[in-house]
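Database features, via Swiss-Prot:
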type     : residues                               : note
DOMAIN   : 61-165                                 : domain 'THUMP'
BINDING  : LEU183, ILE184, LYS265, GLY287, GLN296 : ATP binding site
DISULFID : CYS344-CYS456                          : disulfide bond
DOMAIN   : 404-483                                : domain 'Rhodanese'
ACT_SITE : CYS456                                 : active site, cysteine persulfide intermediate
Amino acid sequence: MKFIIKLFPEITIKSQSVRIRFIKILTSNIRNVLSTLGDDITVVRHWDNIVVVSKDESKSEAVCDALTRIPGIHHFLQVEEHSYTDLHNIFEQTFAAFGHLVENKTFCVRAKRRGKHSFTSNEVERYVGGGFNQHVESAKVKLTRPDVTINLEIEDDKLILVNARYEGIGGFPIGTQEDVLSLISGGYDSGVSSYMLMRRGSRVHYCFFNLGGSAHEIGVKQVAHYLWNRFGRSHKVHFVAVDFEPVVAEILEKIDDGQMGVVLKRMMVRAASRVAERYGVQAIVTGEALGQVSSQTLTNLRLIDNATDTLILRPLITHDKENIINIARQIGTEDFARTMPEFCGVISKNPTVKAVKAKIEAEEEKFDFSILDSVVENAKNMDIRRIAEETVQQVTEVEMVSEFATNDVVLDIRSPEEQENSPLKLEGVDVKELPFYKLSTQFGDLDNSKTYLLYCERGMMSRLQALYLREQGFNNVKVYRKK
């Protein structure tokens, strides 16, 4: 099993020294991610590609899945490598591998060549294509938009047959740019903005301002862990949780209603700046988009920026909501965001869209800044890899079972795609399907005389959701784990 990884085009136009540095970092990132699949996978870097080889064919699907989610990869090819003797031998091997694909189809042959040979790339394409055309009567050559494209590469004395091409997510390798701190709320915007900075090469740490209790924190941790595990697990990152309820209480008590939204955001960036400074992070990332809500007008954004000297990045500033939701759907955070409550918008009934600096500063003079100092000082920092471990500790009161009682119902909370691809079949118990993102709104509609055993593939999501339901007052919930 061999994969040839092609670099994101912007990497290839860098100077020689920068290009080499980027390729080294990308190679290291790939090794870090693939190391979880075993130590038999080798990763070798070259000037214009990176080669991944494993002798274990059973890992092919897992390797493909991992490579499609590593920033810095434009696309990669799953290939077979052979030696060859001459042009006719190239045709014979190519036809043996792909001849059956062109029956009753239009096709073309595309060849790339590196090294010194007695033939050109065009000659290879014509010879191999002509051979296909002669040996398969139902096939027809079509150079533009054919049904089948036969791809092959010739490198010195090696023939490389391309079995499949997979698209990567592009961008720069994580670690080529400086670290950032994302203010994550669990909604559409903060998840997408975090992803966009990871894709641009920054290691993204997460800062969460808790306004809604432990249930809110559990939900946001799910999103942050998902983003890290899916796109950024080549690096260690921090998850910092700040209990912001005392700050909100002080704002509600002392700040004029119309100024509350801007003041709250200014307090958040002040706190985030201190957290960023503590960990040597260069910039803050937010999911703000121009004009989306009252605090996101140019006037208000400028006042929010004035509260700190730390750079604030807003990758979604010109995006509309529909586009943001589409990206969230593509990266897999839409289901989380759909049921995540928005707490910032509930504290002000008549927010100003054009705050005045003098008024904001006058209102902030009423604020007891020792409260802000205290919540930052007591902020909880954890390695994001420990979220799964912490979840296990948190839900010790939630029973885990592998056998069924008379009144039990197994609730498959995986996504519809996972349920369809790998149906849960159990004997002696009723199995119902309810995706995790619908639990908060539909669990209460279930028969409360039953005990529900939550099931997911790895157990982490079911534990988090069990704790979340317990927080809502549902005690008829356990976690099901297969024997």
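Positions of Cβ are set from backbone N, Cα and C atoms, glycine also.
Neighbour counts of Cβ atoms within 10 Å were compared across the recorded positions LEU183, ILE184, CYS456; the minimum falls on CYS456.
Within its own chain, GLY287 (ATP binding site) has LEU183, SER185, GLY187, TYR188, ASP189, SER190, GLY191, VAL192, SER193, ARG314, LEU316, ILE324 as residues 6 or more apart in sequence whose C-beta sits under 8 angstroms from its own. For the pair ILE184 (ATP binding site) and CYS456 (disulfide bond), the Cα-Cα distance reads 25 Å. CYS456 (disulfide bond) sits 37 Å from LYS265 (ATP binding site), counting Cα to Cα. Confidence for the domain 'THUMP' (61-165), expressed as mean pLDDT, is 95.
The maximum pairwise C-alpha distance among LEU183, ILE184, LYS265, GLY287, GLN296, the residues recorded as binding ATP, is 16 Å. Cβ contacts within 10 Å of LYS265 (ATP binding site), excluding its own Cβ and spanning all protein chains shown: 22.
Under DSSP, GLN296 (ATP binding site) is assigned to a helix (H, G or I) in the three-state scheme.
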